[in-house]
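Record features (Swiss-Prot):
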REPEAT    3-98  repeat 'Solcar 1'
TRANSMEM  9-29  transmembrane segment
TRANSMEM  73-93  transmembrane segment
REPEAT    131-276  repeat 'Solcar 2'
TRANSMEM  137-157  transmembrane segment
TRANSMEM  253-273  transmembrane segment
REPEAT    284-369  repeat 'Solcar 3'
TRANSMEM  290-310  transmembrane segment
TRANSMEM  341-362  transmembrane segment
Amino acid sequence: MVDDSLKDAIAGGAAGLASSLVVAPLDVVKTRKQAQKAFYSTGGGKNTMVLGGTLSSMRTIFHNEGIAGLYRGVGPMMLGYLPSWSIYFVVYEKCKVLFGVNKKYTSLHEIDSSKVGIKASLDSSDKQFYRYWGGQIFSAVIAGAASVTLTNPIWVVKTRLVTQSHPRASSFVDKIAAATTVQFRNLQTDAPSVKWRMPRFWLKRRTNVKSSPSQHPVNPPTGPACSPAYNNTFDAFRKIYKYEGLAAFYRGLFPSLFGTLHVGIQFPLYEYFKSFLDDFFGKKSNFHIVLAATLSKIAASTVTYPHEVLRTRLQSLDAPTHNSATLLIRDIWRSEGWRKYYSGMATNFIRTIPASSVTFLSFEIVRKWLN
């Protein structure tokens, strides 16, 4: 007899794996739009790649980097989604029991629609109604916190791989030894590029760097802006640890923990919508799962999307001046406006809605099959 926790782990891992493969190209576009200023080039903007809409961005990346560019970071993405969802669903189900959620509600596929749908909403005095919603929300938040804390290093590596642009020429050494002006890419169509003059103390450090086309600089300065180009997932892990230390793997953890509010909204709403639809139509259907996942994802993303922008910028390759989430929030507000907190949101919806549907549908199907 397979333990329920193991079933949840297997089903969650399968769900994460399926969703990562389906939406990898859209995730690359979304991450690059969010990272915006993390993209840089040297040599007077020769390598500047301006991204517009979702489809045009995919064409641009494909033209400049090939099919590999659209699937850049898919290795750590798969490596991240599999344990993330495995950990999440295991902790989620355990927490629901811990918080006293009725046995009828202890798993996604066993919800009693007569207690959760319209009838539960109308009977707001019912203690079971409050226990259900409170248990669901706290369980979702705790499971999210456990998942992001344990897997944050993987997402840092994934973000670094995705946000480093790979024109077919130019190496890391060339970029380190090149001109003294770094040109950040502005990913808005028709918007001019923004140039940033590097500080004097940094220029002095750059002039002392010795390099050759075949090796990395001797005693390079540390920090995400100076990290070498990464050849693959394991190379990224090694170089980040070597040049930046263990703490770099937890860059952006605070915004990620704030993002647990996302699942705190999404999961209770998903279970509510799914049960409501089953109750309304008098039968269970995979279509109800997809629709419930879509509606809950839209609601949760609209409320919590800014944290994803903050997390991506903190984790990105070239964000040396933003080591604090508070400072980054202030800087974005002052220099770019509040709209930048929702940069790439349209692309995010195109990516996350199918991903959410695939994740929940895969989980429900695999979990039912394991039973």
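Positions of Cβ are set from backbone N, Cα and C atoms, glycine also.
Keep in mind it's a predicted model, so treat the numbers as computed, not measured.
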Cβ contacts under 8 Å made by the transmembrane segment (9-29) with residues that lie 6+ beyond its boundaries: 51, 54, 57-58, 61, 69-74, 77-78, 80-90, 162, 344, 347, 350-352, 354-356, 358-360, 362-363, 366-367, 370
Secondary structure split (DSSP) over the repeat 'Solcar 3' (284-369) reads 70 helix, 0 strand, 16 coil
Can you work out which residues elsewhere in the same chain, 6+ from the ends of the transmembrane segment (290-310), have a Cβ less than 8 Å from its Cβ atoms? 34, 252, 255-256, 258-259, 261-263, 265-267, 269-271, 273-274, 277, 325, 328-329, 332, 340-345, 348-349, 352-353, 356-357, 359-361
